[in-house]
Amino acid sequence: MSEIVDTELLVNCTILAVRRFELNSIVNTTLLGSLNRTEVVSLLSSIIDNRDNLESINEAKDFLTECLFPSPTRPYELPWEQKTIWAIIFGLMMFVAIAGNGIVLWIVTGHRSMRTVTNYFLLNLSIADLLMSSLNCVFNFIFMLNSDWPFGSIYCTINNFVANVTVSTSVFTLVAISFDRYIAIVHPLKRRTSRRKVRIILVLIWALSCVLSAPCLLYSSIMTKHYYNGKSRTVCFMMWPDGRYPTSMADYAYNLIILVLTYGIPMIVMLICYSLMGRVLWGSRSIGENTDRQMESMKSKRKVVRMFIAIVSIFAICWLPYHLFFIYAYHNNQVASTKYVQHMYLGFYWLAMSNAMVNPLIYYWMNKRFRMYFQRIICCCCVGLTRHRFDSPKSRLTNKNSSNRHTRAETKSQWKRSTMETQIQQAPVTSSCREQRSAQQQQPPGSGTNRAAVECIMERPADGSSSPLCLSINNSIGERQRVKIKYISCDEDNNPVELSPKQM
């Protein structure tokens, strides 16, 4: 060191180190000028050795290294033309991701018919993607584009924490969806996941993600690097007890654990689950599969599983290059000094973050009900119909009843002429959600004075959102009356689900 660095720089860095680590009571800086080079180097070594812990020692080493061997110029400066291109690419991606996931959030929370078990998982996935796009991607992109962190130490900690939490939550939600679909398809006789159980699962997912991301709250830090030309830059990184990237083994071990728990194991689990589901859905035909009811149920299940296979496949494709790049960079440190490393990192990071943009597009492409609501709000924004109002499930049910009045009037006379006598009673809830189904219960003639025929019309509209309505037709007075029945709706597997009054 004494042959590379001149004495004046050694003395200046020693003075800065004494002030930086508050050692004025131990070292008299006024006497440093009278020391020779060997004595100054010895003093610098003692400053490092007398630190309290390993973290403080690494901090002192980094400080003295930056002071004694500063870079001649500030590196990683992209021309403004390249910055503009990257800003446009990232800006479009973040706009689509935030807008798309925001619409999904509105669709599920604002429409009772969309609050199914599967859609609750999709809602959680959209929340994670929305947080990633707004709280992490924007700030990380600015940091990578300018190679400078201008947002301070507190948000450096928040940024690192949010990044790991949102990624972990997304992949754990995909695993939960695969388990839910697996039970529904491979073991259809088992009890389905209730909404209350889904809420508990989602809370556990967020809690586990926070636990995995806790080290980011403890070890996130910032550091300012200075250069000969007077410029400087601030970096946000993880300062572990044994140092920082790329020399820290703790940093390598933590990132390897995150890779295994949030990518390796989940991908294997989901591959197994969807393979077993595919064997059931697209494998050998079961007895009675050609019936209308079973064919309709099988077709609906295949559509849902096909959509989730697309979501998982896109997730794996988007994140694989990002993970492979960091594994390679850990074992080949010279890659950080290559000419196009910043473009490589920006490209891999954009691909990983674009997963948040693609998910809403998959919902639009492969789910009719999501597509209907997407088209409504897109049309409203494009045309400028700000006063357009979406009907609630109850108002849609009223409109459906109004449209069927003419049909009821025509069938009234037919029921008057009927010799069949039935007693007004509750109509049974049928076991399938067909487009239109009627159920009648009959009694022997002359069994009662109050005679009426009961017809239960369970008609599902195009969006599948309205509950069925059962009507009775009174023979004696020729009027229709509503029969009190349990309202049901259709879940994602095209099976009836009983609704409480709060859900109707």
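Just so you know, glycine gets a Cβ as well, placed from its N, Cα and C.
According to Swiss-Prot, the protein carries these features:
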type     : residues : note
TOPO_DOM : 1-84     : topological domain 'Extracellular'
CARBOHYD : N12      : N-linked glycosylation site
CARBOHYD : N28      : N-linked glycosylation site
CARBOHYD : N36      : N-linked glycosylation site
TRANSMEM : 85-108   : transmembrane segment
TOPO_DOM : 109-118  : topological domain 'Cytoplasmic'
TRANSMEM : 119-143  : transmembrane segment
TOPO_DOM : 144-155  : topological domain 'Extracellular'
TRANSMEM : 156-179  : transmembrane segment
TOPO_DOM : 180-199  : topological domain 'Cytoplasmic'
TRANSMEM : 200-224  : transmembrane segment
TOPO_DOM : 225-250  : topological domain 'Extracellular'
TRANSMEM : 251-275  : transmembrane segment
TOPO_DOM : 276-308  : topological domain 'Cytoplasmic'
TRANSMEM : 309-330  : transmembrane segment
TOPO_DOM : 331-343  : topological domain 'Extracellular'
TRANSMEM : 344-367  : transmembrane segment
TOPO_DOM : 368-504  : topological domain 'Cytoplasmic'
REGION   : 393-450  : region 'Disordered'
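Here the transmembrane segment (156-179) sits against the transmembrane segment (251-275); at least 3 CB pairs are under 8 Å, leaving out pairs fewer than 6 apart in sequence.
Within the same chain, the transmembrane segment (119-143) packs against the transmembrane segment (344-367): three or more Cβ pairs sit under 8 Å, each pair at least 6 residues apart. Summarised by DSSP class, the composition of the topological domain 'Extracellular' (331-343) is 9 helix, 0 strand, 4 coil. Mean pLDDT across the topological domain 'Cytoplasmic' (180-199) comes to 86 in this model. Within 10 Å of the C-beta atom of N12 (N-linked glycosylation site) sit 14 other C-beta atoms, taking all shown protein chains into account. Within its own chain, the topological domain 'Extracellular' (331-343) has Cβ neighbours under 8 Å at 76, 78, 82, 144, 147, 246, counting only residues six or more beyond its boundaries.
Residue counts of the topological domain 'Extracellular' (225-250) by helix, strand and coil are 2 helix, 12 strand, 12 coil (DSSP-based).
Under DSSP, N12 (N-linked glycosylation site) is assigned to a helix (H, G or I) in the three-state scheme. Within its own chain, the topological domain 'Extracellular' (144-155) is flanked in space by residues 74-78, 83, 86-87, 220-222, 233-236, 342, 345-346, 349, which lie at least six positions past its ends and keep a Cβ under 8 Å from the stretch.
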